[in-house]
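Okay, structure first, notes after.
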């Protein structure tokens with residue numbers, strides 16, 4: 001990906017974009033820094049250039065600020081775009097800036113985007129919300145931030161370029177921040193409580209909720225976070241009717257299975273074909289799985305096929321070709337190798353690991 005849009009004359013745009021945001025240094029978005037200060041002029045003539053900028057990959061300046069982890073420039077953009085549709089613009093992979101922040105595990109960026117009005121239930125091209133992605137890469141702190149009610153916005157704020165539209169005369173006598181009308185705030189307060197809860201039941205295009213994803217990835221801490229947030233512990237995935245308990249058994253994740261059982265998940269849940277979690281556990285080599293289920297009152301299987309069916313082998317996954325959606329982030333990001341997603345960026349990142 002290229003760098004960020006320039007903040008000046010259009011003729012200079014290519015040079016700015018080719019240089020990459022990372023080369024601008026930590027003061028790039030500070031008053032008087034490269035691209036700001038004198039170039040802003042008396043009005044907002046620079047705004048169409050910045051907020052209209054899109055790379056060949058569909059990334060906006062906001063996407064690039066997140067990818068390059070350039071917080072000063074991110075803060076600058078959010079000062080003008082918070083509460084507007086710009087927050088949820090999607091690139092060619094369907095990713096918003098919030099999706100990218102979750103993939104990168106950048107908690108502070110997730111918090112800022114969330115507080116600025118980024119949509120929680122926007123789906124990227126595989127149907128993943130930001131919470132799905134946080135579950136896929138094990139970004140616990142990001143998930144924790146997303147599982148909180150949205151922070152309230154300030155009640156007093158003047159108009160800005162994005163809030164008022166390009167046809168209105170900008171008010172240049174105020175600090176540039178987004179417009180939050182009282183009517184919008186009242187509506188926001190009514191919906192904020194439900195807003196963050198809706199993502200718990202959001203399904204990706206494989207029919208997996210964030211809890212399904214966390215269970216498949218054997219992530220005990222993530223499952224605990226989702227449980228505490230109120231996720232449905234018995235919701236089946238749509239392909240075969242597997243509950244989170246079935247998925248935990250198929251992943252042979254005894255610690256996840258125990259956590260779900262202690263939290264009240266139904267040990268008698270049945271797949272569409274009638275198989276119970278215990279029936280599935282008896283087909284696995286790990287004896288702890290069946291022991292845990294019996295200890296929590298799981299009924300003994302009756303009349304269940306002793307052979308693994310197509311569903312019980314975890315064949316349902318979203319491990320289809322996801323392209324190189326992580327490549328540019330990894331190349332341009334300053335993240336350490338230990339914080340990258342658990343599989344190479346050029347390979348698909350499956351929700352449903354194949355059984356050993």
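Note that Cβ sites are derived from N, Cα and C of the backbone, with glycine treated the same way.
Feature annotation from Swiss-Prot assigns phosphoserine to 19 (among others); the stated evidence is experimental evidence.
Marked as phosphoserine by Swiss-Prot on the basis of experimental evidence: 23 (among others).
Summarising the annotation, Swiss-Prot assigns repeat 'ANK 1' to 57-86.
Sequence annotations record features per position, and here Swiss-Prot assigns repeat 'ANK 2' to 93-122.
Marked as repeat 'ANK 3' by Swiss-Prot: 126-155. Counted with DSSP, the repeat 'ANK 3' (126-155) comes out as 15 helix, 0 strand, 15 coil.
The region 'Disordered' annotation in Swiss-Prot covers 149-193 (among others).
For 183 (among others), the entry in Swiss-Prot reads phosphoserine.
Annotation source Swiss-Prot lists compositional bias 'Acidic residues' at 183-193 (among others).
Residues 126-127, 129, 131-132, 134-136, 138, 140, 143-144, 147, 197, 199-200, 243-245, 247-248, 251, 253, 255-256, 259-260, 263-266, 269, 314, 316-318, 351-353 of the same chain sit 6 or more residues outside the repeat 'ANK 4' (206-235) yet have a Cβ under 8 Å from a Cβ within it. Annotation comment: Swiss-Prot describes 206-235 as repeat 'ANK 4'.
If you look up Swiss-Prot, you'll see 240-269 marked as repeat 'ANK 5'.
Along the repeat 'ANK 6' (273-302), the predicted structure has mean pLDDT 95. The repeat 'ANK 6' annotation in Swiss-Prot covers 273-302.
Annotated region 'Disordered' per Swiss-Prot: 298-356 (among others), in sequence order.
According to Swiss-Prot, the phosphoserine annotation covers 313 (among others), on the basis of experimental evidence.
Taken from Swiss-Prot, the feature phosphoserine applies to 315 (among others).
Annotation source Swiss-Prot lists compositional bias 'Acidic residues' at 318-328 (among others).
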